[in-house]
Amino acid sequence: MMDGGDLSTSQAVKEAKGTENGGQATCKSKEIPTVQNPSEGDQKGKTECSGPVPEEKGEERLRHSSSADPSALTSASMGEVANGYRALGEENAAPATNNLHKVSIIPLIFLIFYEVSGGPFGIEDSVQAAGPLLSILGFLVFPFIWSIPEALITAELGTMFPENGGYVVWVSSALGPFWGFQQGWMKWLSGVIDNALYPVLFLDYLKSGIPALGGGLPRVFAVLGLTVVLTYMNYRGLTIVGWVAVCLGIFSLLPFIVMGLIAIPKIRPSRWLQVNLRGVDWNLYLNTLFWNLNYWDSISTLAGEVDNPTKTLPKALLYAVILVVVGYLYPLLAGTGAIPLERDQWTDGYFADIAKMIGGVWLMGWVQGASALSNMGMFVAEMSSDSYQLLGMAERGMLPELFSKRSRHGTPLIGILFSASGVLLLSWLSFQEIVAAENFLYCFGMILEFIAFIVHRVKHPNARRPYKVPLGTVGCVLMLIPPTALIVVVLYFSSLKVAVISLGAVFIGILLQPCLKYVEKKRWVRFSINSELPDFREEEDDEAETLVA
C-alpha cells in the first residue's frame, strides 16, 4: 500500500557490481520503496552479497523472502510499509496459507450468490412500489448500471491484489492507509449490521409453525443458539462454508424452478406490462433494487483463500452475475404473469402465497423452508467476508497482530469472534433505520472504491492486471458515472435520522485510526505486516524497465 506522506515513490531497479577487494563484498543491489520516518530511521534497500557486508544502521529491514513462512510477521508501522513487500510473481499467486484447503470455483460462485442475493426473497416490494413492468425492467437494467460495473471492478482489483483484505487494500494502495482504514471500518460495520438481520429473519419464518419463537426468552435463546452454530461453522473452515452455501443455494432455488414450470399454462404476458407511473414509490423501488443487487465486492476479502484467484475470481463473478439476475427474473416473471395483480399484497414473503396459489400447500412449505435456509446461507457468507477482512487488515498492519492469528482450521478466530459479537449486540435492536444506515455506509465505501479504481488506472498503468476491464481510463470513468449518480440518489432519499447515525459511525472511524496509531507508537499492542504479501509496484517497475531495454 502507498502512503503519500510516509513512503517515497517506487524507484527503477538498479544493479551495481563491485569487485572483491580487501575483504569488501561483491554485491548486487536492488532498491525498493523506503520508509521516510525521521524518528525511526530510513528503510534500507534490499541487498544480496557474496561476501561479508557491513552491519546496517537504522531501522531493522523487513524480510522479503518469497519462501518465508506465511505466518511469519514483521514489525511495521500501522499500514505504512506495505510496499516493502516482494513483487507479484508471474502467476500473481496469493500468499501461501500452509496447506490450507483453497476455495474452488463452484463454492466461490455460491458464496458470491449469498453475499449479493440468496434468492428472490425480498424483491416483492419492487412490484408493490412500481408494478410488474418497472419491476421487471429494473432487474433487467439495474445490473448494467450497478452490478456489472461493481463486478468488473472487483475482478480487476481483486486479481491485482489477490489477498484477504480486498477493497481495504485497493483503497489503501491508492489513497493511503488512513482512507483504507476508513473503508475497512465502514464496510465491516455495514456487513455486521447486515448479518445481524439473518438470525432474526430466520426465526420470523419459523414462528408461524412455532409460535413460542415470536418473542420472550425462547426467541432470545434461539437467536443466541443459531448465531453460535453458524459461527462455529465459519470457525471450522471456509471450504465447509462454501459447500454448505452450494447445498443451501440449490435447495433455495429449486422450489422456484418448480413453481415456474407449473405456472407456464397460467401465464398471461399482458400482466407483465401493467404500470402506473403516478403511483410509483420511487424511494422503495430504488432501495429494493439497490439492496438486492449490491455487495459484489464483498468476495474480494476472501481472495487469499481462493484457488488460483487470478483466474477463478473473474469467472466466478461472471457466473454469479448470471445466476443472481436469472434467480430474480425467473420467479418474478412467473409470479406476475400467472397471478392477477394485487400490488398491496406484494410484500416480503408473498412468494410463499404465490407458490400456494400456483402449486398448493406443499410448494408453499418448500418456499418457506427455502426462505429460512437462505438466511443461514447469507449469514455464513457474510461472516466469512467480515472476519477475513479483519485478518487482511491485520496482515497489512492496520489492526493489531492478534487479528491475523488463525485457528487450527486456518480460519481468522479473532475476526470471527468480533463479527459474532457485533451480530449478537445488534440482534436486539430495531433494524428499520439501521438497515438504511447500512446502505448509507455502503455508499460511502463504494465512492472510495471508484476513486481507487481510477487512481490505479492513472498512476499505475503498467501494473500487472491478470484481468483488466476492457476499457481505457476514459471509458472506465464513463462506466462509473451511472452508479455514482445512483449513489447520490440513494443518499438523497435517506432520512435525516439515517444521515446522522451514519455520519456518527463515520466519525468514530476517523477517531479510531489515529487512536490505533497512538497505541502502536506506545508499543502497547504489537502491529505487524505479513512478509508474504505482494507489492504490485515493484513488478510495474520491472516491467517498465524491460520495455525500456
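Just so you know, glycine gets a Cβ as well, placed from its N, Cα and C.
Curation plays no part in TrEMBL annotations; they are all automatic predictions.
What TrEMBL records for this protein:
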REGION    1-76  region 'Disordered'
COMPBIAS  54-63  compositional bias 'Basic and acidic residues'
COMPBIAS  65-76  compositional bias 'Polar residues'
TRANSMEM  105-123  transmembrane segment
TRANSMEM  129-153  transmembrane segment
TRANSMEM  165-182  transmembrane segment
TRANSMEM  217-235  transmembrane segment
TRANSMEM  241-264  transmembrane segment
TRANSMEM  317-341  transmembrane segment
TRANSMEM  361-381  transmembrane segment
TRANSMEM  413-431  transmembrane segment
TRANSMEM  437-455  transmembrane segment
TRANSMEM  467-493  transmembrane segment
TRANSMEM  499-519  transmembrane segment
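Stretch with the largest number of CB pairs closer than 8 A to the transmembrane segment (217-235), among 105-123, 317-341, 361-381, 467-493, 499-519: 361-381. Long-range contacts of the transmembrane segment (437-455) within the same chain: residues 150, 153, 156-157, 167, 170-171, 173-175, 179, 182-183, 186-187, 189-190, 193-194, 287, 290-291, 294-295, 297, 473, 476-477, 480, 483-484, 487, 490-491, 494, 498-499, 501-502, 505-506, each at least 6 residues beyond the stretch ends and with a Cβ under 8 Å from a Cβ of the stretch. Non-local neighbours of the transmembrane segment (361-381) in the same chain are 110-111, 114-115, 118-119, 121, 195, 198-199, 201-202, 205-206, 208, 230, 233-234, 241, 244-245, 248-249, 251-256, 258-259, 262, 349, 351-353, 355; each lies 6+ residues outside the stretch with a CB under 8 Å from one of its CB atoms. Between the transmembrane segment (105-123) and the listed ranges 129-153, 241-264, 317-341, 467-493, the one holding the most Cβ pairs under 8 Å is 241-264. Between the transmembrane segment (317-341) and the stretches 129-153, 241-264, 467-493, it is 129-153 that has the most C-beta pairs under 8 angstroms. Outside the transmembrane segment (129-153), and at least 6 residues removed from its termini, the chain residues within Cβ reach (under 8 Å) are 116, 123, 271-276, 279-282, 284-285, 288-290, 292-294, 296-297, 317-318, 320-321, 324-325, 328-329, 332-333, 336, 341, 343, 446, 449-450, 453, 469, 479-480, 482-483, 486.
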